[in-house]
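Here is what TrEMBL records for this protein:
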- 29-56: region 'Disordered' (REGION)
- 43-54: compositional bias 'Gly residues' (COMPBIAS)
- 68-134: domain 'HMA' (DOMAIN)
- 146-212: domain 'HMA' (DOMAIN)
- 221-287: domain 'HMA' (DOMAIN)
- 312-333: transmembrane segment (TRANSMEM)
- 353-371: transmembrane segment (TRANSMEM)
- 383-402: transmembrane segment (TRANSMEM)
- 422-439: transmembrane segment (TRANSMEM)
- 578-597: transmembrane segment (TRANSMEM)
- 617-637: transmembrane segment (TRANSMEM)
- 936-955: transmembrane segment (TRANSMEM)
- 967-988: transmembrane segment (TRANSMEM)
Amino acid sequence: MGATTRALFLSCFHGGGGSEVTRRLALRPRYPSMPRRPKGAAAAGGGGGRGGGDLEAAEVAGNEEEEKVAMFSVSGMTCAACAGSVEKAVKRLPGIHDAAVDVLGGRAQVVFYPAFVSENRITEAIEDVGFEAKLIDEEVMEKNILLCRLHIKGMACKYCTSTVEFVLQTSPGVQRASVALATEEAEIRYDRRIVSATQLIQAVEETGFEAILLTTGEDRSRIDLKMDGVLDERSLMMVESSVQALPGVENVKFDTELNKVTILYKPDQTGPRDLIEVIKSATSGLVNASIYLEADGRDQHRYGEIKRYRQSFLWSLIFSIPIFLTSMVFMYIPWLKAGLEKKVFNMMSTGELLRWILSTPVQFVIGRKFYAGAYKAMCRGSPNMDVLIALGTNTAYFYSVYSVLRAATSDNYMSTDFFETSSMLISFILLGKYLEILAKGKTSEAIAKLMDLAPETATLLIYDHEGSVVGENEIDSRLIQKNDVIKVVPGGKVASDGFVIWGQSHVNESMITGESRPVAKRKGDTVIGGTVNENGVLHVRATFVGSESALAQIVRLVESAQMAKAPVQKFADQISRVFVPLVILFSLLTWLAWFAAGRLQSYPNWWIPPSMDNFQLALQFGISVMVIACPCALGLATPTAVMVATGVGASHGVLIKGGQALESAQKVDCIVFDKTGTLTIGKPVVVDTRLLKNMVLREFYDYAAATEINSEHPLAKAIVEHAKKLHPEENHIWPEARDFISVTGHGVKAEVGDKSVIVGNKSFMLSSDIDIPLEASEILMEEEEKARTGIIVAMDQEVAGIISVSDPIKQNAHEVISYLKSMNVESIMVTGDNWGTANAIGKEVGIEKIIAEAKPEQKAEMVKELQMSGRTVAMVGDGINDSPALVSADVGLAIGAGTDVAIEAADIVLMKSNLEDVITAIDLSRKTFFRIRMNYVWALGYNVIGIPIAAGILFPSTGFRLPPWVAGAAMAASSVSVVCWSLLLRYYKSPKIVGS
């Protein structure tokens, strides 16, 4: 399971492709590729002759060389035209199959034939067009490519995220950057040889936002230790030098105010207990160290933000309520009205002075964050929501100040103030932000629940030199190191990934895999940290701890999925770029239009409220337009829904690798199923053996097992397991197999002892020039009719026998196919097995369209053919041979019990290995995108309807006008409503299938 989840984690970096697929071009070329082979070109070192005759001869002779992929670092590119020049120069060379250039990453990836062109020639071609080029060693490059995460404070809307994302994307050494408003985080894939995490933080802060490093992505662990005791300068020096001397320790940093030391180390070389022991021994017991208890970094930031917004809102409320009462309520109470209208200076009343005094701290102290955000936004030339709020509240406040001061210096001017507008507006916006942060925190509850699965303590077993248990200690689970042996009692949680070295029990893994039935565990079986031991006592040797554990990597996978943008989000990105400037322009035009209409007497005087003049009425409309417009709802529409959906999917055992997978899955109308391990259990068993030569059964199986022992195919494992049963000893040693050859989808062959052994299907025998006797053909036909697989074993070019293997169909497979049909999704089965077995399985599960005896590349070709016919295709598989089809499909779904390559190549991983989860994945994606569409309908509808109303479109006919503070409340409510609508996905339930 640890390996499986590591593959999941790696897939976030490789974009979901397998190792071979990852090496292929992920960039979109700007120019057409050259033909597969250059016409009229001879192999390097060969003579010309007759226009390709030598080449044809080479191909006939079977000397055709394979393609090669090379990556080049290209410096000096500044725009798309530069990238186009490089790409065109490379593609002009003979022997170039394909090329693509990444101008932001400063890279060029080239697929070429070494027989016709070399890496040096490609480098020269790039340099000839004016750029510096250097071949990159892929292994070195992969080690230097890291993924760091930053928490970014101060982002108010989609415009802010676009600005930060653009700055990061254009930074040298950054390959990919994505910024999420919902989580206020950035995920950056970068080359540490070119740029550091510190430089990335500086780049963000130059745009006016505060960035806090969460993880650097480097292969090291971090631990914070609290130090107690004598902490003088001498002790700290001794601690630093002693800890730094430990192997694997990279950095030691002290925080004397908190009595804390932060240590960065490599978990393969040292561990937290070693560090604590060294600190204690180095100071002769004068200083003791323990785990520094503090909340997770993200939680700290979120809780701090919630606290700040709550305090700001409550303080603004203390000032705003009196302002609101004196302007809107007390004016209708005669004895209070008289007191409020009492003149202080000339025409300035007590009520106006009181409102001025109360609104000033709201405007400049409580609302200072909006000023700071607006200033930074304008400095970087990207106006955001803070600009709209600052403009709207300042316009209301300063006009009110002007009006009150004019009344104070005049004997006849009656002032009209909007102090309640600016203060109430800030109060409602703070309330909206507070509720929005609370709601956004709930979108990642699934991750929090996963992280809480790890137990707080663990029982560490102590061994003597002879390997006997001499004691046990209860330790903090974060102090577990590799190769520690942990005791797990009945009802206790497994504290770390590892394998059982003693005992047997059943372990409930439902919290990780979603599998409801407890899994039997005995010596040698692997266990997952965070799972619950049901009955017996287990001794577990820790293998993956801390950030390497399956639980930690599943959390990282879900976090990366939540950062990945869905294509539909581009719609919101395009609108956000022009939204704020257009709103400011429209607000100004609204004010001018109403002011001009009043000056031209184009509406009756009764339209204007008694307490306002024409200028004031126009001003109010302009402010209302400015504060009601809300780009935030558009920016939150997609990411909040994707965050909740990926978290909910993980809790159901369906790991979705981002918004792209979700969006593609909801469009699926055709699913291609692999047979073995997907529709069937994947653990075939031998049910019958028919010998066609006079030999002992055990001898027959010795030859077959010796040949198949090197194969990873499930059928091969079934033969080996059956052969073991014929030997009484536990670890039987098979005869040596020489010259082993495996032909994917057909069989294997090897030299065993003095015999040449071939094990495989009928077509493999025929291609190996082995005649199939009539008796063998009849047996094969019988087995096919029984939905069994007949495996032929040939020795010395003669058929020696046939092994019948059956792979049971998974429970509810027929019901799943039937349910998919009701969802208007067609099911197709593609298998490398024979037609008879494939037809029998297809008939039993209810699949009509079947392709049998298909090689891996044929599976991928079929997927492409379906796509060309206009279908959106999903592929469900579990093996290495399925990975090409998984990559080719619009959505690849890998069975969690499958191979690492298949899981890495897939977009969605079904952790429980249940077919019902195929339905869950599609149904969840459809419900998610229904909510995303509704979010956009609400966000767009709110702005399309709200802005004209705020501009006064209803005023001429009804006299209705929207006060600015009401418009501000509506703006705040729009973001909260979008987040809450997405949060309803938390209550998602998988479809109930009849028979499940």
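Note that Cβ sites are derived from N, Cα and C of the backbone, with glycine treated the same way.
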For the transmembrane segment (967-988), the candidate among 353-371, 383-402, 422-439, 578-597, 617-637 having the most Cβ pairs under 8 Å is 422-439
Check the transmembrane segment (617-637) against the transmembrane segment (353-371) for contact, please; criterion is three or more CB pairs under 8 Å, pairs 6 or more apart in sequence.
no
Before we move on, state whether the transmembrane segment (353-371) and the transmembrane segment (936-955) share at least 3 Cβ pairs under 8 Å, counting only pairs 6 or more apart in sequence.
no
Quick one: do the transmembrane segment (422-439) and the transmembrane segment (383-402) have at least 3 Cβ pairs under 8 Å, skipping pairs fewer than 6 apart in sequence?
yes
Using DSSP, break the domain 'HMA' (68-134) down into helix, strand and coil residues and give each count.
22 helix, 24 strand, 21 coil
Residue counts for the domain 'HMA' (146-212) under DSSP, helix then strand then coil, are 21 helix, 25 strand, 21 coil
